[in-house]
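Here is the structure we will look at, set down as structure tokens.
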Amino acid sequence: MGGYILAIDQGTTSTRAIVFDGKQQVAGVGQKEFKQYFPKSGWVEHDPEEIWETVLFTARQAIEKAGISATDIAAIGITNQRETVVVWDRATGKPIHNAIVWQDRRTASFCDKLKKQGLEKTFSKKTGLLLDPYFSGTKLNWLLTNVKGAPARAAKGELCFGTVDTFLIWRLTGGKSFVTDATNASRTLIYNIVDNSWDDELTDILRIPRVMLPEVKDCAADFGVTDASLFGAAIPILGVAGDQQAATIGQACFKPGMLKSTYGTGCFALLNTGKDIVRSKNRLLTTIAYRLNGETTYALEGSIFVAGAAVQWLRDGLKVIKAAPDTGTLAESADPTQDVYLVPAFTGLGAPHWDPDARGAIYGMTRNTGPAEFARAALESVCYQTRDLLDAMHRDWRSNGKDTVLRVDGGMVASDWTMQRLSDLLDAPVDRPVILETTALGVAWLAGSRAGVWPKQEEFAKSWARDRRFEPKMDGTTRKGKLKGWRSAVKRTLMAA
């Protein structure tokens, strides 16, 4: 057995598998996209079988590209899109319905009904979350309500519920392990983050039988061993974390006050609050950053539904760019005298507004507005939303923000223009790491440290390396004016919802 770690990064639009060597360097990568299903407006689904196929394909591809065999791999780490719900037959392992994705809004009216019953405070106090369709609990309730025979089968213990990690572990271990980790559990709306356990009151409200829920483990733990037939040898699964928590670990944000922001399909900012459960007064989420050796570290999280998705809209919807990397160059050529604002509420607005009914809008267009201005507005919308999140975090964390340094990762951070504009609008330094695969790196560290082949936490944190720091260059008057325009645009969008 070698010091290699296989990290499986199961995302919203594609699955990536990365083999890291003993020096925490990328040795091999596999990636495969899969189909998105939109049965109705606001509904988003995945086929769990297609996800499973991409996991096998990319893992084998990464191992092959690394030039190693399964016997060289010390452990597997799994990180995944959070909140997405899978329900499958315990006997056959077959899903009873497509996975309902975190972006799916079909349970909005049910969430409103629960709010009118005065239950949001109950959920928030126990889970740190808001009553929103984003989270797993109401999605699971929908499946149990709408799939014929599901309630009775679930009550008999015939059905299993899991976030994507749980489903993959079940499949990888041949149905021998029915487990999840604390970070994924904390996103379900039925896990008590104070007691660190499934909550009977919440499962009763949502009519979810406890028997269908997985065992919850630390992020670095024994999650089972893969079936030897899958990769040519049995490999222990020793690390699991939701994608944003894994990125927090990969960015070595281990100290209270450190924060990172990941820019993928959406944008997710996490602020480490240590052992303190900080209750947000600004509609941020209180969540579990990670749990190691039985000790829970908490975080404040701000979730933005549309980040990279805005660039995809430019490419696939407006067709003003041919490829995502073109966006920064196009934005740079925009007319500086035009103040065009895109509020990308394609599926509602996330933190700190949490309005599922808001819809996208563009303000400030003139006859001279063209592709360059649209590109700039799309990229700036991500920066503005990040500013909103960080302002809310500073208020909750009682920080003046002067010492803020934001560590960034995800596909969008490769754009120098976007990162410079982010620093300008935040009025804070933005650090881009050498290794951009921070989500995979974080879960690889969980697995590698558990296996004893990767360094301990303190040494791992010291090894974090910066590629470039972006410092604010925009003058205060310009920044103030742009932020005022953005807030006006958001206000008008919310009023129209």
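Each residue, glycine too, has its Cβ placed from N, Cα and C.
In the shown protein chains, 21 other C-beta atoms lie within 10 A of the C-beta of GLY308 (ADP binding site). As annotated by Swiss-Prot, ADP binding site applies to THR12, ARG16, THR265, GLY308, GLY411, with the evidence given as sequence analysis.
Among the features that Swiss-Prot reports, ATP binding site is placed at THR12, THR13, SER14, THR265, GLY308, GLN312, GLY411. Of all Cβ atoms in the shown protein chains, 22 besides its own fall within 10 Å of the Cβ of THR265 (ADP binding site).
Secondary structure at ASP243 (sn-glycerol 3-phosphate binding site), as computed by DSSP, is helix. Marked as sn-glycerol 3-phosphate binding site by Swiss-Prot on the basis of sequence analysis: THR12, ARG82, GLU83, TYR134, ASP243.
The glycerol binding site annotation in Swiss-Prot covers ARG82, GLU83, TYR134, ASP243, GLN244. The Cβ of GLN244 (glycerol binding site) has 28 other Cβ atoms within 10 Å, all protein chains considered.
Among the residues ARG82, GLU83, TYR134, ASP243, GLN244 said to bind glycerol, no two Cα atoms are farther apart than 15 Å. If you take the Cα of TYR134 (sn-glycerol 3-phosphate binding site) and the Cα of THR12 (ADP binding site), they are about 14 angstrom apart, rounded to a whole number. If you draw a 10 Å sphere around the CB of SER14 (ATP binding site), it holds 13 other CB atoms from the protein chains shown. Annotation: no binding-site residues among GLU83, GLN244, GLN312 have CA atoms within 10 angstroms of the CA of THR12 (ADP binding site). Of all the binding-site residues in the list THR13, SER14, GLN244, the shortest Cα-Cα distance to THR265 (ADP binding site) is found for THR13. Residues THR12, THR13, SER14, THR265, GLY308, GLN312, GLY411 make up the record's ATP site, and a Cβ search at 8 Å around their centroid adds GLY11, GLY264, ALA309 from the same chain.
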